[in-house]
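The structure appears right after this line, and notes come after that.
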Amino acid sequence: MSHNNSLVSEELFQLQKEILAKNPQDVLQFCANYFNNKLQGQRSYLWSQNAKAQAAGINLFPSVDTINAQTNSSNSTSDREPSFKSPFVLKDPHSTHNENVLVGEKSHAVGGGDDNSMFKSNFDLEGSEQAPPTKEEMDSQNPSSKPSRSLSQSQSQSQPQPQPQSQQINTSSFQKIPISFNANRRTSVSAEALNPAKLKTESWKPPQNNLSLTEEENLAKNFQNNFLFKQLDENSKKTVISALQTKHFKKDSVIITQGDEGDFFYIIESGTVDFYVNNAKVNSGSDGSSFGELALMYNSPRAATAIAATDVTLWALDRLTFRRILLEGTFNRRLMYEDFLKSIDIFKSLSEHELSKLADALSTEMYKEGDVIVREGEQGENFYLIESGTCQVSNKKLGDIKKLTKGDYFGELALLKEMPRQATVTATNNVIVATLGKSGFQRLLGPVVDVLKDRDPTKIQDPTA
């Protein structure tokens, strides 16, 4: 489970960096394209290995065989009922569902009406047994509603005015459209455009707060498991911690309101905060909890209302400060890694764009003298590049094999051959390494794989992975 969480954190962090670097206007579409491209690359790699896998008796795509078998056993494709009907056309040529006829208009089909449909549409106009929503249900689904404890009860909703007869639609053939129709449409999110290349020339400096050592340590612990801060280098973490502001709220005070624009991220120093979505309490947070992470990435509407259940002290960080710290740190880190990668001969064949993508995917790890970085016999998950320091390579059969220094790499064999580590690598002094996970290794090192295979140290009885 922890391994899966680590992969999720890594993917989210890489996506966040792409968003910060490219600042797309349509963030949701950008995210969809990002993951689709990753999936396409992964599938392409698997297909390229399919022949070898089949020769070894391994089926990489069992679902494809199942679909083919089902298709071949079917008498006619025209006899199959479609899973669902397109809501974006007047007449779906692939659908055999009945159409709903509106007064004075051509036939329109909204959602699937077949009982055997894979998906049940919330916008089904025919055959729905859902009763019209009550006023309470309408109130609870209003995204701008506030929790009852934070609002005056003197306000009431105005009743809708009846439409003229000429504008009314004949509803005899269908139920009323649910109140949730159009209420939960996706909201647009955006972020300030920042050019990392200009940050060096500007006079802006992050705010500095005089925190005690205990406060800094406690805040650093809060950052450890937060995906936004987990991959920050130590300098960026210290800068972020120093930029935090203290905010105090009395009991029953509204800290953030659902639907409002988000601009601060909060860490609870002391007290309890309750969270509400559409008047319903959904969660509570206490000392050490955090909320409002999305506000650091986009000025998107708040997803919930936060109310102080007790007197509360919070640490707050605004979006612009965080983005400038993170973007500047990411930009400097990319430049550092690009220069480092260019100095290693196996990456000479990579283009500038490929080097940038590889630099963004690298993570930094530090080891002290005597620390074992990889151990013989263990399953390999990472590829390593030595930034500074020296390491000793050894295995049980050959003993000490060689020393590795800045610019050397190890760990590739376990990823290339899907085999356990062939040697143990130990830090002989303070060592800093750049690491690349298995998925990134397969995705980003395509042009380098042949070079790594040609230099396979096991061919000369000198394993270093």
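Here, residue 1 is simply the first one shown, and the rest follow in order.
Even glycines carry a Cβ here, placed using N, Cα and C.
What TrEMBL says about this protein:
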type	residues	note
REGION	69-170	region 'Disordered'
COMPBIAS	140-168	compositional bias 'Low complexity'
DOMAIN	228-343	domain 'Cyclic nucleotide-binding'
BINDING	Glu293, Arg302	3',5'-cyclic AMP 1 binding site
DOMAIN	346-453	domain 'Cyclic nucleotide-binding'
BINDING	Glu412, Arg421	3',5'-cyclic AMP 2 binding site
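Distribution of TrEMBL features across the structure.
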| residue | record | DSSP class |
| --- | --- | --- |
| Glu293 | 3',5'-cyclic AMP 1 binding site | helix |
| Arg302 | 3',5'-cyclic AMP 1 binding site | coil |
| Glu412 | 3',5'-cyclic AMP 2 binding site | helix |
| Arg421 | 3',5'-cyclic AMP 2 binding site | coil |
Where Arg421 (3',5'-cyclic AMP 2 binding site) and Glu293 (3',5'-cyclic AMP 1 binding site) are concerned, what is their Cα separation in Å, rounded?
-> 38
Could you give me the DSSP helix, strand and coil counts for the domain 'Cyclic nucleotide-binding' (346-453)?
-> 32 helix, 41 strand, 35 coil
Roughly how many angstrom lie between the C-alpha atoms of Glu293 (3',5'-cyclic AMP 1 binding site) and Glu412 (3',5'-cyclic AMP 2 binding site)?
-> 36
Binding-site residues (Glu293, Glu412), the one with most neighbouring Cβ atoms at 10 Å | Glu412
Going by C-beta under 8 A and a gap of 6 or more residues, the same-chain neighbours of Arg302 (3',5'-cyclic AMP 1 binding site) are Ile256, Thr257, Gln258, Gly259, Asp260, Glu261, Gly262, Gly292, Ala295
Tally every other Cβ atom lying within 10 Å of the Cβ atom of Arg421 (3',5'-cyclic AMP 2 binding site).
-> 21
The domain 'Cyclic nucleotide-binding' (228-343), counted residue by residue under DSSP: helix, strand, coil | 37 helix, 41 strand, 38 coil
